[in-house]
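Undergrad: This is the structure I have questions about; it appears just below.
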Amino acid sequence: MSLRTKCGPDFFVRYDACQRMHHSRHCDVPASRRPFLTPHTLHSSSRVLENLEQTVVSSFGTLESQPDFQTPEFEEFNGKPDSLFFNDGQRRIDFVLVYEDESRKETNKKGSNEKQRSKRRAYESNLICGGLQLEATRSILDDKLVFVKVHAPWEVLCTYAEIMHIKLPLKPNDLKTRTSAFGNFSWFTKVLQVDESIIKPEQEFFTAPFEKNRMNDFYIQDRDTFFNPATRSRIVYFILCRIKYQVRDNVKKFGINKLVSSGIYKAAFPLHDCNFSHKSEDLSCPNERYLLYREWAHPRSMYKKQPLDLIRKYYGEKIGIYFAWLGYYTQMLLLAAVVGVACFLYGYVNQNNCTWSKEVCHPDIGGKIIMCPQCDRLCPFWKLNITCESSKKLCIFDSFGTLVFAVFMGVWVTLFLEFWKRRQAELEYEWDTVELQQEEQARPEYEARCTHVVINEITQEEERVPFTTWGKCIRITLCASAVLFWILLIIASVIGIIVYRLSVFIVFSAKLPKNFNGTDPIQKYLTPQTATSITASLISFIIIMILNTIYEKVAIMITNFELPRTQTDYENSLTMKMFLFQFVNYYSSCFYIAFFKGKFVGYPGDPVYWLGKYRNEECDPGGCLLELTTQLTIIMGGKAIWNNIQEVLLPWVKNLIGRCRTVSRAEKIAPRWEQDYHLQPMGKLGLFYEYLEMIIQFGFVTLFVASFPLAPLLALVNNILEIRVDAWKMTTQYRRMVPEKAQDIGAWQPIMQGIAILAVVTNAMIIAFTSDMIPRLVYYWSFSIPPYGDHTHYTMEGYINNTLSYFNIADFKNRSKGNPYSGLEKHTTCRYRDFRYPPGHPQEYKHNIYYWHVIAAKLAFIIVMEHIIYSVKFFISYAIPDVSKSTKSKIKREKYLTQKLLHENHLKDVTKNMGVIAERMVEVVDNNLRPKLE
């Protein structure tokens with residue numbers, strides 16, 4: 001239906017009277033009597049929104065000619081630092097607006113300051129006309145600052161609770177709660193639980209969307225506590241975002257967000273209820289912030305479960321669902337970490353039994369194998385045994401345990417996602433967000449651009465949209481082009497890193513020692529390949545961080561241009577753009593090392609060149625798996641350190657600087673609103689970046705876990721700290737965020753499902769193409785015994801010699817590209833990593849039979865592993881329902897009881913009204929018949 005509907009005549013009489021306040025000083029209608037608050041004008045939420053839309057100063061184009069705005073009353077601070085009320089001690093502060101008084105600015109630009117003052121006065125006047133009550137107080141520590149405290153009266157709260165379809169209590173919930181599956185271990189779980197004597201469990205209620213005409217049906221024991229502080233702040237923020245402050249040339253300007261971004265207001269935020277380090281002196285204060293810090297954010301509570309119900313009550317469902325998800329993800333990581341450590345220890349214990357590594361390190365085998373140069377200029381011939389240490393480390397990660405762990409992680413990620421869906425369904429029921437999608441309002445930015453009239457296909461009525469179908473196509477095309485451009489920019493940076501690798505490898509090959517004597521400890525580890533890998537990984541990490549910072553701003557601009565309808569649509573659109581960019585940004589270098597490096601190098605006599613100039617990189621004789629592990633370690637570790645610096649140090653340092661600036665006036669007692677103002681703002685996308693950080697980590701844990709079994713352990717340790725760090729900064733370093741509703745984790749759920757499906761493929765391909773597991777298995781079962789081998793039993797002996805091909809030094813195309821190497825006089829051939837026929841063979845330098853056996857085995861392994869894991873995944877997904885049977889029953893039961901309660905109350909009202917009507921009809925009939933009888 002169209003949002004625009006006609007209002008009753010009573011509204012226009014009173015609204016016009018209020019509009020004439022700019023030409024007359026007699027708009028003194030009290031808040032409780034203002035038009036859209038009277039009962040007979042509230043038959044529909046669209047009618048109230050229409051009234052709100054029209055609440056704007058008329059003829060605002062000439063601000064200076066309209067001096068008669070309604071302004072908040074100025075009051076002095078009453079000396080109560082913990083007070084959450086106006087000076088009268090009755091009206092609760094639901095929101096705080098902060099601005100800098102233009103008359104007291106040091107640089108007083110009269111023209112711009114006057115415009116800012118006029119817009120602010122118009123905005124505040126419209127807030128007052130909209131039913132809100134304002135009280136202004138000048139700062140104690142900085143007399144240039146003014147704090148405008150906002151209070152929503154009961155009638156305003158009821159009106160907008162109906163508009164926003166907020167669910168409120170009908171009656172206490174008498175359904176039985178589910179008993180814990182670990183009831184027999186209550187002595188153990190009690191240690192992990194939050195102490196219920198400190199944080200008391202919330203009473204559960206049957207709820208229903210609020211309706212003013214059914215107010216008697218709701219569980220209203222006390223008007224002051226019926227709307228909790230989070231709900232009050234949410235309602236007030238809804239109003240603040242939709243009040244206009246200027247209309248010029250049919251262009252509407254409205255909302256507190258624009259006023260803050262343009263500097264007219266310095267900040268806008270709801271209040272924390274007390275100091276985090278001690279309880280409030282006000283006995284009526286619930287001290288929820290103090291309880292959260294003590295039982296959630298403090299390091300001594302690190303082992304305890306999170307008080308999710310209190311987090312949800314204080315910060316809203318959106319913050320609550322994030323911490324619920326993060327906590328559940330961390331719990332599931334515990335199992336993955338245990339299995340990963342077991343696989344790592346298996347490889348570590350068995351590294352000394354690694355036959356092929358022993359051959360590399362043996363002076364009579366690896367010490368006598370001369371390897372071909374890996375570049376055209378300056379690179380020397382080199383002995384295989386200089387890679388001894390890296391081959392030992394490779395045995396730890398490239399073992400049978402890695403294969404087992406890769407299969408396990410494919411199953412683990414499915415279990416995690418399926419069980420999280422069940423947990424999420426339980427939270428939807430417990431937190432009353434089951435039908436949230438039907439309740440969500442359009443964003444004010446979207447509503448302001450709705451200028452095109454179209455016919456709704458369902459209702460066949462007119463409605464307004466921001467752009468036509470053709471305009472929407474143009475916007476989508478432009479946005480997609482911008483995203484594609486930035487992805488190509490990342491790919492270009494990856495190519496730059498590859499060119500760096502190729503260039504610097506030549507330098508390291510020329511500068512680093514050419515002989516391995518076994519006495520220099522640095523020489524054992526600092527090979528040209530290792531030096532190139534480490535420096536390239538560090539540079540790649542720096543480029544990732546720089547591009548990430550720039551693209552964040554670009555993605556927000558693109559999403560704003562798209563103009564999504566609801567806040568959920570906005571966040572989902574931004575989420576997909578940011579993750580697509582971050583996916584390429586963070587994972588591209590890993591994909592290159594895993595699947596491209598060393599795969600297309602040709603052979604020494606006919607190498608493959610990049611851009612016609614740079615010879616393609618080769619892997620170590622043991623493969624590129626160790627280099628992939630190094631890359632993952634640097635990026636995961638560097639990202640964790642960088643994020644902690646951003647999340648902990650930056651807000652702490654900023655708050656410390658702010659406190660140092662006011663240290664000279666520290667003896668003055670500052671009120672609650674001024675203390676909160678000097679905290680850091682979280683930002684509307686603060687939670688988005690927290691999700692993004694965790695999902696990128698989730699990708700590292702699942703996509704490349706076959707190369708790094710310790711990744712889940714690192715993620716587990718990081719997440720245990722992350723939960724408490726996020727809790728600490730929210731309760732101590734940041735202002736209180738506006739509570740928001742959320743049904744689930746949004747677009748992050750399908751993103752994780754996509755990563756889970758892709759992870760099966762990447763891990764199978766890492767084992768097949770990046771590690772040497774398949775070539776070793778082929779050698780063991782086929783080429784170590786006749787007809788291809790000389791051994792009488794299955795063995796790994798001779799594997800290194802069998803997998804290194806021969807090349808005749810005389811066959812170099814350009815002898816000038818040959819490399820000096822002392823002691824090469826007795827050697828006419830060198831070795832290289834490939835499966836090709838030797839020189840002199842009829843098919844010299846062509847791929848031999850071993851190569852085709854290995855390729856067939858790799859492809860067969862990928863197909864078998866993928867089908868097994870996918871089959872298990874789909875079976876698990878089918879066997880585990882998204883919503884548990886008990887949760888479904890609770891939802892149906894509550895819906896039935898709610899409808900029954902409302903229906904019975906409605907029948908009582910109808911019966912009561914019918915009885916009154918019947919009595920009146922009897923009286924009328926009796927009065928009419930009595931004269932006739934007389």
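Backbone N, Cα and C atoms are what each Cβ position is placed from, and that goes for glycine too.
These numbers come from a predicted model, not from an experiment.
In case it helps, TrEMBL gives these features for our protein:
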DOMAIN    85-308  domain 'Anoctamin dimerisation'
DOMAIN    311-894  domain 'Anoctamin transmembrane'
TRANSMEM  322-349  transmembrane segment
TRANSMEM  400-420  transmembrane segment
TRANSMEM  483-510  transmembrane segment
TRANSMEM  530-551  transmembrane segment
TRANSMEM  578-596  transmembrane segment
TRANSMEM  695-721  transmembrane segment
TRANSMEM  745-769  transmembrane segment
TRANSMEM  849-870  transmembrane segment
Undergrad: Give me the stretch from 400-420, 530-551, 578-596 with the greatest number of Cβ pairs under 8 Å to the transmembrane segment (695-721).
TA: 400-420
Undergrad: Would you kindly list the residues that approach the transmembrane segment (400-420) from elsewhere in its chain, counting only those six or more residues past its ends and only Cβ-Cβ distances under 8 Å?
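TA: Residues packing against the transmembrane segment (400-420) from afar: 325, 328-329, 332, 335-336, 339-340, 342-344, 346-347, 701-702, 705-707, 709, 712, 749, 752-753, 755-756, 759-760, 763-764, 766-767, 771, 773, 865, 868-869, 872-873, 876-877, 880, 882.
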Undergrad: For the transmembrane segment (578-596), name the stretch out of 483-510, 530-551, 745-769 with the most CB-CB pairs under 8 Å.
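TA: Most contacts with the transmembrane segment (578-596): 483-510.
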Undergrad: Do the transmembrane segment (530-551) and the transmembrane segment (745-769) share at least 3 Cβ pairs closer than 8 Å, excluding pairs fewer than 6 residues apart in sequence?
TA: no
Undergrad: With a Cβ cut-off under 8 Å, give me the same-chain residues at least six positions beyond the ends of the transmembrane segment (483-510) that come close to it.
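TA: Distal contacts: 373-375, 377-380, 528-529, 531-532, 535-536, 539-540, 543, 547, 551, 554-555, 558, 577, 580-581, 584-585, 588-589, 592, 610-611, 614-617.
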